[in-house]
């Protein structure tokens, strides 16, 4: 079983992937993925929202519970959605606690900044493991002016490093670095004792994470740092088309898919 403490002791890169339901979580775990992130990316990838800001705590909690039901050994990390963190400390603690106590997650992930250092410390003191997230933080898209690369100046890179150290000191067990220069992510990784997990952060992070729909070829708009490893959309389309054709042509259901009960042949008499 993968644990938050065990991530530090890996002698190979950490693998993390998103999942949003029990079925895909079971497949992801069976493939040997270490960490399953129930990401608020579900908003755009499976719920049809324009961005992640619309995702609610209830939706995250329900989806997290589904993922937990589909797994046995993978570490399940639940994203804390927009405005579920930072508005009020008591409410933040309550929201994060429900992800563990009611949904069954092993940890929560916070899109991090100066405002999340103290609450990270408080949550970890209460027994809620926290994965921090720096660089591009999609919940701040309106403040950032888009989904652009972060840490591209010395000042910005130093801010990421400073915040990374602060969150490590506050008790975060791991750090996601999103869409930052590879050399910046490498230096942050070297400076920390907790593992870093990159998404668009280059090869020097301690692990990598991608969105499942990008990996499977199901995304309409794939980010530049993602890689498609399969064409699941084509396979699904072919299967659905074959089913439709078989029904319309009278090929399905056949005798092998049907049952005849001779004792009820005379219903109309």
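All positions are counted from 1 along the displayed chain.
Note: Cβ is positioned from N, Cα and C throughout, glycine not excepted.
Annotated Mg(2+)-binding residues in TrEMBL are 40, 79, and among 9, 102, 111 the one listed with them is 111.
Taking TrEMBL as the reference, the stretch among 230-249, 250-269 described by the feature region 'Disordered' is residues 250-269. Of the recorded residues, residue 40 (Mg(2+) binding site) and residue 178 (active site, proton acceptor) place their C-alpha atoms 14 Å from one another. Residue 178 (active site, proton acceptor) and residue 41 (3-methyl-2-oxobutanoate binding site) are 13 Å apart (CA-CA, integer value). Residue 109 (3-methyl-2-oxobutanoate binding site) sits 5 Å from residue 79 (Mg(2+) binding site), taking the CA atoms of both as reference points.
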